[in-house]
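**Q** OK, Swiss-Prot features for this one:
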| type | residues | note |
| --- | --- | --- |
| TOPO_DOM | 1-18 | topological domain 'Cytoplasmic' |
| TOPO_DOM | 40-61 | topological domain 'Extracellular' |
| TOPO_DOM | 83-113 | topological domain 'Cytoplasmic' |
| TOPO_DOM | 135-156 | topological domain 'Extracellular' |
| TOPO_DOM | 178-193 | topological domain 'Cytoplasmic' |
| TRANSMEM | 19-39 | transmembrane segment |
| TRANSMEM | 62-82 | transmembrane segment |
| TRANSMEM | 114-134 | transmembrane segment |
| TRANSMEM | 157-177 | transmembrane segment |
Amino acid sequence: MAMALALGGGQDAERKVKVAEVALRALLCGLGALAAALVATDTQTRTFFSLQKKASYTDMKAMVFLVDAAAVAAGYSLLQLAARCCGGGAMSSGRGDGGGRGRALSWCVFSCDQALAYVLLAAVAAALQASVVAKRGQPELQWMGICALYGAFCRQAGAGLATAVVAGLAAVLLAFLSAFNLFRLYGSGGTKS
């Protein structure tokens, strides 16, 4: 209710919320796909004394988790966009039939959006931590940083991580919007017994 009042109230506020949701889902879809593609295609081969060593994102399990989470985020957002645009909006707003089915769908979307935000943020945090170790090393354990040796690999991984951070922020905003869409169904403005 407070968000609707802040947006101007009435039908105009409803339209703004729907536009914001579609925009966030489209942004998350694009950024998730871009982050997954940047990290998944990241490889670099170096030759050391006639031995070829290849750095790949699969060498760090946190990066594999990030690729998986970003790809799932992109796919889920694409499915939600299709349902939102083709299904008339009942999937997200919960107002499709005015009753229990709409609320059940809203709870499902809310739960999935929350889970997606948590998983994507966990993947980003793990990948950032692994990247710091890759960049700086861990002197206490005598681990050296590898970014001096695999510069192109680290730059592309950094671009993928930056994209994933923005995708994670979009997922958090989408989770907030999903919570708003759900809990406004239980608002005090004219609930029927």
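Even glycines carry a Cβ here, placed using N, Cα and C.
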**Q** The topological domain 'Extracellular' (40-61): which same-chain residues, six or more beyond its ends, come within Cβ distance under 8 Å?
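**A** Same-chain contacts beyond the ends: 67, 127, 130, 134, 146, 149-153, 156-157, 160.
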**Q** Per DSSP, what is the helix/strand/coil residue tally across the topological domain 'Extracellular' (135-156)?
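**A** Looking at the topological domain 'Extracellular' (135-156) with DSSP, the answer is 11 helix, 2 strand, 9 coil.
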**Q** Looking only at the topological domain 'Extracellular' (40-61), what are its DSSP counts of helix, strand and coil residues?
**A** 5 helix, 12 strand, 5 coil
**Q** Over the topological domain 'Extracellular' (135-156), work out the mean pLDDT and round it to an integer.
**A** 80
